[in-house]
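Per TrEMBL, the feature heme b binding site maps to 207, 243, 276, 312. The domain 'DOMON' annotation in TrEMBL covers 46-160. Among the features that TrEMBL reports, region 'Disordered' is placed at 374-393. What TrEMBL lists as transmembrane segment is 208-226, 238-259, 279-296, 308-328, 343-366.
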């Protein structure tokens, strides 16, 4: 019997050593200095944990926030947002190593994603401290909430990659970072995750797909059709209608993508992707001019047709270049799996290869036509005598 118990004990010990992460929950965490808390939650993102005790009579909240910074010299933060559900407007406790390599906790009123400035916050901080062990940081604080009787708060947590001259640098904008917020019931011990981050990620994915399909794929294909297919007489006027259908469809999809981008920008005023945004506005403006070009297109023999061609072609190639640049900028922001970026690179390479092949074929056809025209005798001048008769005076 004793040997059986010993065997079971050894097996349990081996399992715990092989898979320690499986039991890494807030319930298993302990603290020095005999710190004890009434509640704890495994937060749903960023591998973070929150322990707390709330005294409603004094509106006092004692807490410990535990997380691993994005990089060894990064930072962690826990905040309450009294007015909204996101990071902007939150009143944060941020812990990091100072210039002396000692852990410190500072308070920040986060009004935007610009560089932070230490400031007073909405609640009173009675005491605060931080520690680091095994790469994991812990914030300890006792705060007094100004609204007595309110037991539910919006809380936000975050991890960052680095600190520059005592100022926490901007965190990443991956789904885990965007989803790190929720509603905390201080009395019931429950933390409900917010779904806003997942909804925003979905909108960003829709924005990216619409713009890749329109600006990044359909516009280049439409230009290839107009430049090369028209060379073949049998394709006239089919090439023109294909070109119009492709570009008008791309414009409609592109406007939808542009609209979702504006919506995303209005919902996150603290986040700015200036280059991507400015190129997007330029693309929308230039593509709109191309639509007007369709309405203003003069006939082939009109005296202004030459200038219209310069206008139409110049804007078209500008849109082509800016479209591809902005798609890559968008991919760098969205950061999808590498396979999606590789797929777009391959697609653009294939379209480029097709364009080069058709360019060579087009020049061969054009040069042959010019050659035939240059060797064709004038009508009525060669009358069967084997040589060209002189023109009558």
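Every residue gets a Cβ built from N, Cα and C, even glycine.
Shown on the structure are the features that TrEMBL records.
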residue: 207; record: heme b binding site; Cβ within 10 Å: 23
residue: 243; record: heme b binding site; Cβ within 10 Å: 21
residue: 276; record: heme b binding site; Cβ within 10 Å: 18
residue: 312; record: heme b binding site; Cβ within 10 Å: 17
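The maximal spread of the heme b binding site, taken as the longest Cα to Cα distance among 207, 243, 276, 312, is 27 Å. Between the transmembrane segment (308-328) and the listed ranges 208-226, 238-259, 279-296, the one holding the most Cβ pairs under 8 Å is 279-296. With a cut-off of 8 Å between Cβ atoms, the residues of this chain six or more beyond the transmembrane segment (208-226) that come close are 239-240, 242-243, 246-247, 249-254, 256-258, 260-261, 280, 283, 287, 316-317, 319-320, 323-324, 326-327, 330-331, 334, 336, 344, 347-348, 351, 354-355, 358.
In the predicted model, the domain 'DOMON' (46-160) has a mean pLDDT of 91. Counting same-chain residues at least six beyond the ends of the transmembrane segment (279-296), those with a Cβ under 8 angstroms from any Cβ of the stretch are 211, 215, 219, 244, 247-248, 251, 254-255, 258, 261, 308, 311-312, 315-316, 318-319, 322-323, 325-326, 329.
Residues 212, 216-217, 220-221, 224, 227-228, 231-232, 324, 327, 331 of the same chain, all 6+ positions outside the transmembrane segment (343-366), place their C-beta atoms under 8 angstroms from a C-beta of that stretch. Non-local neighbours of the transmembrane segment (238-259) in the same chain are 207, 209-211, 213-215, 218-219, 221-222, 225-226, 229-230, 232, 280, 283-284, 287-288, 290-291, 294; each lies 6+ residues outside the stretch with a CB under 8 Å from one of its CB atoms.
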